[in-house]
Amino acid sequence: MRGTVSVPKKAEDAKADPPAKKKADTQASSHTLLEGRLGYQLESALLVRALTHRSYAYENGGLPTNERLEFLGDSVLGLVVTDTLYRTHPDLPEGQLAKLRAAVVNSRALAEVGRGLELGSFIRLGRGEEGTGGRDKASILADTLEAVIGAVYLDQGLDAASELVHRLFDPLIEKSSNLGAGLDWKTSLQELTATEGLGVPEYLVTETGPDHEKTFTAAARVGGVSYGTGTGRSKKEAEQQAAESAWRSIRAAADERAKATADAVDADPDEASASA
């Protein structure tokens, strides 16, 4: 009679430990890290979908992408930010509220929040996007962040999604109120330089690095004078940073002049009245 040798179940498991299991363990650990940063534990399949870019889906047999969740998250984000601005600025007209919202809900701002979460390292990307620096592309980071917000809404409800949006975006909401035009730094700078009679800003941009990993440096100049510089992974990002730097520099100088004038009036009001 031929005997059979039975292999203990645990030994079988150890012997047949596939790379897929190791990959699943790594993914679970990665998701735990992201969930810790978000402050919420989500249903696993939902989080996976939120992190699945269409390039990965197409290269892997047409898996579900994060685009529907992105659509949902965009609406949740817009609602929470709009509600906050409406309550925070009771005297602002609709047009100005819309500009403030646009300063918060845009690809550049969302990408910066995504970078703060190191979201790029968790995204499932196709090989093509991976090879062209997709993990740091503003559009991909912004879309994925909206998808994650959508996933939190579906899994945890509106209160949880609202809390997450406030935690991630309240600093930007506060910052948006300090923008001159309330839309973006380039618009703000142009309005400020017009008010101060300085002329129209121009941007000188240089680039360094290989094609797939370029770094852009921009200088914001007004009337031939450089007021600020900025760097970024895109020309637009570098120009925005340069515009912000220039805006703050020109605004500070204008505030100093206004303060000096006010001090002079306080010191000798009669002379100030005569001059007027």
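Quick reminder: no glycine exception, Cβ is built from N, Cα and C everywhere.
What Swiss-Prot records for 1-29 (among others) is region 'Disordered'.
As annotated by Swiss-Prot, compositional bias 'Basic and acidic residues' applies to 9-25.
Taken from Swiss-Prot, the feature domain 'RNase III' applies to 31-157. For the domain 'RNase III' (31-157), the predicted model reports an average pLDDT of 93.
The feature Mg(2+) binding site is assigned by Swiss-Prot to Glu70, Asp143, Glu146, with similarity to another entry given as support. Taking a C-beta cut-off of under 8 Å and a sequence gap of six or more, Glu146 (Mg(2+) binding site) has these contacts in its own chain: Leu69, Glu70, Gly73, Asp74, Leu77, Leu110.
If you look up Swiss-Prot, you'll see Asp74 (among others) marked as active site.
Residues annotated as active site in Swiss-Prot: Glu146 (among others).
Per Swiss-Prot, domain 'DRBM' is recorded for 184-252.
Marked as region 'Disordered' by Swiss-Prot: 227-276 (among others).
If you look up Swiss-Prot, you'll see 265-276 marked as compositional bias 'Acidic residues'.
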If you tally other C-beta atoms within 10 angstroms for each of the recorded positions Glu70, Asp74, Asp143, the top scorer is Asp143
